[in-house]
Amino acid sequence: MPMEKTFDAAEAEQRLYEAWEKAGCFTAGANASRPETFCIMIPPPNVTGSLHMGHAFNNTLQDILVRWHRMRGFDTLWQPGQDHAGIATQMVVERQLAKEGNPGRREMGREKFLEKVWDWKGQSGGTIVNQLKRLGASCDWSRNAFTMSGAPGAPEGEDGNFHDAVIKVFVDMYNNGLIYRGKRLVNWDPHFETAISDLEVENIEVPGHMWHFKYPLAGGETYTYVEKDENGTVILEEERDYISIATTRPETMLGDGAVAVHPSDERYAPIVGKLCEIPVGPKEHRRLIPIITDDYPDPAFGSGAVKITGAHDFNDYGVAQRNGIPKYRLMDTRAHLREDGAPYADCARQAQAILGGAEASEAEIDAINLVPDHLRGLDRFEARKRVIDEITAEMLAVMTRADDPRLGKAALEPGAEGADALVPLVEAKPIMQPFGDRSKQVIEPMLTDQWFVDTQKIVGPALDAVRKGMAAQEAGAFDETAGYTRILPERDAKTYFHWLENIEPWCISRQLWWGHQIPVWYGLDLDASHFADDEGDNALDDVELYRLLNEGFVQRGARHHCAADFETVTAQFQDVLAGLPAPLHAMRVVEVSGRTAAEEVLAESLADYNLSQDPTRLVYPIWRDPDVLDTWFSSGLWPIGTLGWPETTPELAKYFPTDVLITGFDIIFFWVARMMMMQLAVVDQIPFHTVYVHALVRDEKGKKMSKSLGNVLDPLELIDEYGADAVRFTLTAMAAMGRDLKLSTSRIAGYRNFGTKIWNATRFAEMNGVFQGYAPTGDIPAPGETVNKWIVGEVARVREAVDEALAAYRFNDAANALYAFVWGKVCDWYVEFSKPLLMDGTEAQKAETRATMAWVIDQCLILLHPIMPYITEELWGTTADRRKMLVHADWPAYGVDLIDAGADREMNWVIALIEEIRSARAQMNVPAGAKIAMLYTELDEAGKTAWARNEAMIQRMARIESLTEAKTLPKGCVTIAVEGGAFALPLEGIIDVAEEKARLEKTLSKLEKDLKGLEGRLKNPKFVESAPEDVVEETKDLAAAKTEEAAKLRVALERLAELA
RNA sequence: GGGCGGUUAGCUCAGCGGUAGAGCACUACGUUGACAUCGUAGGGGUCACUGGUUCGAUCCCAGUACCGCCCA
């Protein structure tokens, strides 16, 4: 039964993938035949996610490397898995609960909610896996990992020890002083009420406003404000009793701690060190703040003076830190203005006292609520309006003419009616605003207590490893086993260095429920060092107990201990308790839900003791930190965690450190750098020796694909339409290192056609008996026919090119080399050349050609398989009974020694001759079907041999009837000049003399132009002296060949002239 | 404002010291016993600009212009 005309991808893909999986083709170590291992860790997609173009690209490249190594016999593991995507997953589940009319997360409670999340994970966690399978990804799915596996509450089937690994690392790092708790500014998402990472913040330029306000100097003081232009000429001089401030966020004025100017700014020199008044809030409690100097303010921007709100702006935070300015928090977790704490009057007084030099702890400052009573509880944007209105009403806004262009759309036409009226200066200008990428809310920088990794302490080895790796790479001496890491392309190593050299502490706590809960427990502070029992008997009476409770436990903060489980942490608390006076030294540690509960339980316990005097009933309540760890903290452990660490599994021993990480440039900071730091900190080894960083897949116009733009290409739809192979080949062919790829469907269609091409070449072979009784031996054919010798050499050439390209991660070079070979060499020439042999040859010729063609097609399938796995596997199965599937076929190792130089030269001559004849015919409008005679006036020995051996092919492909020698050419000939030969097509009657003349002249003029350049070089003695010898030789040969060809054309032109 | 990158055929992009390439698109011809998801032939480029290094520059260096991306 003849083959179909095209490959039915939709029908075959699933069948083939199932066959691979069923045969265990992808399991770790499958097809291994040598000791070397090759391991790639998949960048874990979100468990909530679905396949987008970036995944398709990323995983195609990984699959190519994996399949290539597996076929070469490496002990190969492609480790798949997903991460739990804390915020995204929690959001999806909450939305779903709301949609189904269920109670919300908080009503439901943590445990119940997490059950729902696990349920949901069970239902849809497999989506991305199935999508990766459709792409053809040859991961070892039996090892599929998940960053939450083994967490408390994980259902059956979600075991595994990733959770243990994460917790162990936290505890170890904590014990080594690498993790600490602190109050720092973080990105706060008011919708999800959690800290989020920089990665989850999108800075978007939006139309915004900049308000200009006057901060009056304390006590009505005045100074002379002088403004000069760049030449030093005074352009403004006036007495002022205020300093002018510009802000895009007026509501944060309430928390200002200072006004800063640049030390070099002469305009404000007279008032530096003085106090000014924040122009908002009740008049009687206006807060005064100092005017300070700092390098941060840009004298050229706005007024040059910057208000400093340390608790709500990242730059201000730095200024406040440097200058000891208190950082007053204004908002609650929903970004509403605070309602807690003492009345405003008290708080303002406290703040003023601090300004006057009063000591205050971080916690005490945080307790101060500087929101005026009437603004408390307002949403931040509502509060902004109110603040603006109040300041404006008080005439403390900076004013300008109503036609000031800075007002933007609100400005009147210049000179229009009312243009000279004064209005508040509110500049309309684009501002960069941070948005939560999930919540789409404006992110609020917020001063909160969080857990941090002290990255400064672990960054060194991560920097060193890549510095060494890049140095080796540059020196061309890269060694995969040397324990260093290179980043390709080099540019991305710069990004890595830049980020790590300026690294900030890493905030790893998230105020979420879905994630690894931080293994830290808190207890009320029992430090009794300041406490003296009245009798000095080291035992407490009731009065002392009460005092200790009231003054100590409750007033003071909490203490915490870190351990992997409650038992261990209990022991740690008990060690501390043991130092307390009796009866407290033997309190039983119990777990409660939080601090409030702890205070209650402790009070109850003491009250109970009061009555019972039974010390065994005394309990000491502790509560666990409710926060979870940043998802990146767990995915930072991906390389060791997926291999079973902290257990010493055989996989860990075998595959770690892994080999290559393939990932997008957008997560170099967030993931690559962190994996480097974490692996080095935890197991003191690099996680991989090579990081290949690829760019973004954009739409065909170069726009980033986004749902809101509607320009998203869905890889699954593309696979449906064109087949996975076409999508994969397209992505591969466009994967030039470090460049974005702009994807268009016409390109994919083009590569789908490529698949059809190889399909039909195979179909031709099959129809001509090439595979009849074909029993592949793996032996390289040693044919006698020139054309067969030639194609064997071409196969060897492309094999080297492909291996070289893949070894250098030049995926596009590999794809393009294969495309050019399969289509341009095999289909365009070899198949055509083979026709006379297969159809009219001797039995020996037929047999030899069949054997060669079978081998050639096998090689095409093998070499193409890593890029186009499906169609190649299908053809492999169609054409013969094989010992192994193609996915496990042996990758060839033959080299260019298979090239027969003579055959190569001869076939290139034949091809050139055919092309010349075809070109001449087409230009002379000879009907394509017409068979014509050909003459030659000269033909060297090589040419004669070549003609003799390939006559049938040339005649067939160039539609030539005969070849005869001619001493003189008849009138009306078309001339064809090739190396060592001058041919002519006698076309009297058909030929247009003028056209032939034009054709020859055009060719000749191009030749002459080339010759001029070549000869110019050769005549230059410095060229001959300084250029490499082979370049000079090459130039000479080329010049000679061109001279010869030009001579032939001139003869032809003379002949034409006689004719005319 | 700082950093990184780009500017090569109509489009999308390779190349990178020594004859300017590919795919797609375009034009003409073609049912040649694998393929019209095809074949054959063809048109199309002062390799952004200005200097420099070199025997030789699209390629290396410096500057200019424009366009991206990241970070402020």
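Indices start at 1 and increase along the chain as displayed.
Yeah, the Cβs are placed from backbone N, Cα and C, and that goes for glycine too.
All annotation found in TrEMBL is predicted automatically rather than curated by experts.
Here TrEMBL flags A:16-533 (among others) as domain 'Aminoacyl-tRNA synthetase class Ia'.
The motif ''HIGH' region' annotation in TrEMBL covers A:45-55. For the motif ''HIGH' region' (A:45-55), DSSP puts the residue distribution at 3 helix, 1 strand, 7 coil.
Feature annotation from TrEMBL assigns domain 'Aminoacyl-tRNA synthetase class Ia' to A:623-744 (among others). Residue counts of the domain 'Aminoacyl-tRNA synthetase class Ia' (A:623-744) by helix, strand and coil are 52 helix, 23 strand, 47 coil (DSSP-based).
As annotated by TrEMBL, motif ''KMSKS' region' applies to A:704-708.
According to TrEMBL, the feature ATP binding site maps to A:Lys707.
TrEMBL lists A:788-931 with the feature domain 'Methionyl/Valyl/Leucyl/Isoleucyl-tRNA synthetase anticodon-binding'.
Under the heading coiled coil, TrEMBL lists A:990-1059.
According to TrEMBL, the feature domain 'Valyl-tRNA synthetase tRNA-binding arm' maps to A:992-1057.
When the domain 'Valyl-tRNA synthetase tRNA-binding arm' (A:992-1057) is classified with DSSP, helix, strand and coil residues number 62 helix, 0 strand, 4 coil. Cβ atoms under 8 Å from those of the motif ''HIGH' region' (A:45-55) belong to residues 82-85, 88-89, 92, 121, 124-125, 127-128, 131-132, 134-135, 146, 664, 696-697, 705, 712-716, 743 of the same chain, restricted to positions at least 6 beyond its ends. Highest Cβ pair count under 8 Å relative to the domain 'Methionyl/Valyl/Leucyl/Isoleucyl-tRNA synthetase anticodon-binding' (A:788-931), across stretches A:16-533, A:623-744, A:992-1057: A:16-533.
Summed and averaged per residue, pLDDT over the domain 'Aminoacyl-tRNA synthetase class Ia' (A:623-744) gives 83.
Across the domain 'Methionyl/Valyl/Leucyl/Isoleucyl-tRNA synthetase anticodon-binding' (A:788-931), DSSP assigns 112 helix, 0 strand, 32 coil.
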